[in-house]
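Student: One structure, pasted below without further comment.
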Amino acid sequence: MDILSDEFKQSFSIIPPESGVYGMVTIVSVLILALLAGVFLWYWRRKDNSPAAKPVLIEAPPARDLPAKYGKDEIVLMVKDPYWLYAYWELSDAKKEELRRQFGPAAWENSRPLLRVYDLTDHPYDFLRAPFFEIAITDLADNWYIHTGKPCSTFCVDLGRLIPNYGFVTLVRSNIVTTPADKPSSVIDPLWPPVEACWTAVERYEKSACPSSLQLVKIQK
Amino acid sequence: MPHGYVALVLHAHLPYVRDTEDDFSLAEKWYHEAVTETYIPLINICQRLNRDRVPYRITISLSPPLVTMMADPLVQEHYRRYLERLRELAAREVWRTRNDPRFHLVARMYQDLFENTARTYQAYGGNLINAFRELQDSGKVELITCAATHGYLPLIGLQREVVRAQVEVAVNNHRRLFGRPPAGLWLPECAYNPGDDAILRDYGLKYFFVDAHGLLYATPRPRYSIFAPVYTPAGVAAFGRDLESSEQVWSAQEGYPGDFDYREFYRDIGYDLDFEYIKPYIHPTGLRLDTGLKYYRITGRSGYKEPYVPEWASFKAHTHAGNFLFNREQQINYLATYMDRPPLIICPYDAELFGHWWFEGPQWLESLFRQVAGLAHQPFNFITPSEYLERFPVNQPATPCMSSWGNNGYNEVWLEDSNDWIYRHLHHASAEMIRLANQHPTAGGILLRALNQAARELLVAQSSDWAFIMKTGTMVEYAVSRTKKHLLNFWELTRGINKNDLDPAKVQDLEEANNIFPDINYRIFASM
């Protein structure tokens, strides 16, 4: 405290008492300057002590870009996890023309794009009897994440259009995929009946799920 | 017969980052660091254990891009230069810290480490393939392969030909470098898609690994859950990752690597020291980088760090190895009471965890093998999957479920907003490659070279690493530009092939820039 007050006395003594308003301004500006210098010094030292930002890898961006379209009519279906699928697609202008030839010149503009998701689990390859649901999409989209919520199930997706006064028209049909299980199977091989101890031993850890290498990378950053 | 078995599996992989243009490549530095901190220490451990006749077994998966880089003269030369600079820095550090006992010991430790690294590197003429081959021939180390460029098979494998190509290239490359076919294959990211096992069988592969739930959710339900393998419909054995031992090592909170006495990864003299002093050892542009010399221990959860004490850390590694041993013994004793065969515990880890991330990991590993060997009663034996299958050739038939060891256990890490766009391009390029391979049953001259190079560019574009980096959000641009670069090279080559207008100089440029798999044959992409 003594040192501090000494410093204050000194700084006051620089300014003649008769300087009045100017004196006050000088005192304030000296204090502000001192404060700024302090902050700057503090920041500088801190900056020196803390590690600098991680460098980024530099690779010259390619001169050209990948094609937006490959001139195909297709929809491809992929599995994300037991509950989600992912589909991407593209349609050529020829396909649009085909629709117009069939349903009139305004068929494309007057119809709405739809994804029809067939659940083929209980009706393999039987698209007429398989239950399905539809997702209204937009003409701007060329990919979609589809929530099915159904593990161990087989799906196929049609990309098509809903034509007024006619109904759904399929434009392209996807590959068929099967979602993975999210729990132990109820199927038991009588020759290999489960040993209970082996199963109780893993129960404790089953739901805790170890961090993946991705999480580890994130923790480390 | 022992009470049970433990199979330690290390998966070593880095994407193909050989750089011909840049004198100082940041991506190649990943490789340099992994060689110094993980691969050479691993080789040294096995050599010491062999010398001391310690009975141990370990399975090491060496990914094809990694071994191709190890065998590449240019990459070898770059590493030699890197190591020289590192040794020079360590020597200067020993001098700089001479009056500071807190850091001097640590600097000396690094100097010893790097000198030892250099001795090992020189002993094998800079070619670490020779070292691994020697270990393989000792019979203690089982080397296996991984898919050609670590492609994420469930997502890139829309066409069966792609999975086939990834597997065939890997098996051929392994045989070329190690003189014998691999017994098993590490599925990249443990990503299994039912049906891929048939392709593994076609190439003589006897086993692969899945994450625990891959076996737990198999159909029918496996008798021993994850404590014995199952045979897939194609007759290939699927081994499941043990959850309990994984958590002990991996867990961010309770895992061994987070111990406060262990070395802190994120305090490096590359950032801490005076700029003028450290300048020759960081990026030529003055960008501060990790040098590998890190002087602090984790200390605690805050940013405050204390100097590293090598002796304390070694003691902890030893203690943790003892703890791991104890827990496995308990686990095995319990399971063995109920099982009609000895339980098998599969402990797979990323190799780079040991040494690179967890600096004391190699000491832990060596201590584990030595402690088990030193016990009068044998609590369990270390084993390789091949040996296990020899002893227990009868296993339950079951189909593991589609799974991976990524976050939440399925495909979501490699298929999400940041990286889903790549699959459209990868699938189309694959379709074109398959078409070309079918169209040209034989090719010669420049056409052959262009087709082979197109296959290389496609394979490198298929690396799961690019999607993974896009997801992690750091260095995204690098991953995006690598994906695009290889695909654009691919399309440029196919344009030339289709128009019968190939520029030999251009093909040669591409061959020199990306020379992965020198003996590749584009016919691997042909339909059966």
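All positions are counted from 1 along the displayed chain.
Backbone N, Cα and C atoms are what each Cβ position is placed from, and that goes for glycine too.
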Student: Taking TrEMBL at its word that B:ARG241, B:GLY258, B:ASP465 bind substrate, choose the one of B:TRP186, B:TRP357, B:TRP405 listed for that site.
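Tutor: According to TrEMBL, the candidate sharing the substrate site with B:ARG241, B:GLY258, B:ASP465 is B:TRP405.
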Student: Taking each of B:ARG241, B:GLY258, B:ASP350, B:TRP405, B:ASP465 in turn, which of these recorded positions have a Cβ less than 8 Å away from a Cβ in chain A?
Tutor: B:ASP350, B:TRP405
Student: Roughly how many angstrom lie between the C-alpha atoms of B:ASP465 (substrate binding site) and B:GLU189 (active site, nucleophile)?
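Tutor: The Cα atom of B:ASP465 (substrate binding site) is 10 Å away from the Cα atom of B:GLU189 (active site, nucleophile).
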Student: How do the residues of the domain '1,4-alpha-glucan branching enzyme C-terminal' (B:425-525) split into helix, strand and coil according to DSSP?
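Tutor: The domain '1,4-alpha-glucan branching enzyme C-terminal' (B:425-525) comes out at 79 helix, 1 strand, 21 coil.
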Student: Would you say which of the recorded positions B:GLU189, B:ASP350, B:ASP465 has the most Cβ atoms within 10 Å of its own Cβ?
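Tutor: Per the Cβ count, the most surrounded site is B:GLU189.
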Student: Restricting to the domain '1,4-alpha-glucan branching enzyme C-terminal' (B:425-525), what is the model's mean pLDDT?
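Tutor: Overall, the domain '1,4-alpha-glucan branching enzyme C-terminal' (B:425-525) comes to a mean pLDDT of 97.
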Student: Compute all pairwise C-alpha distances among B:ARG241, B:GLY258, B:TRP405, B:ASP465, the residues listed as binding substrate, and give the largest one in whole angstrom.
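Tutor: With B:ARG241, B:GLY258, B:TRP405, B:ASP465 as the binding residues for substrate, the largest Cα distance is 25 Å.
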Student: Ten-angstrom check, please: count other Cβ atoms within 10 Å of the Cβ of B:ARG241 (substrate binding site), all chains counted.
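Tutor: There are 23 of them.
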Student: Quick one: give me the count of other CB atoms within 10 A of the CB of B:GLY258 (substrate binding site).
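Tutor: A 10 Å sphere around the Cβ of B:GLY258 (substrate binding site) contains 14 other Cβ atoms.
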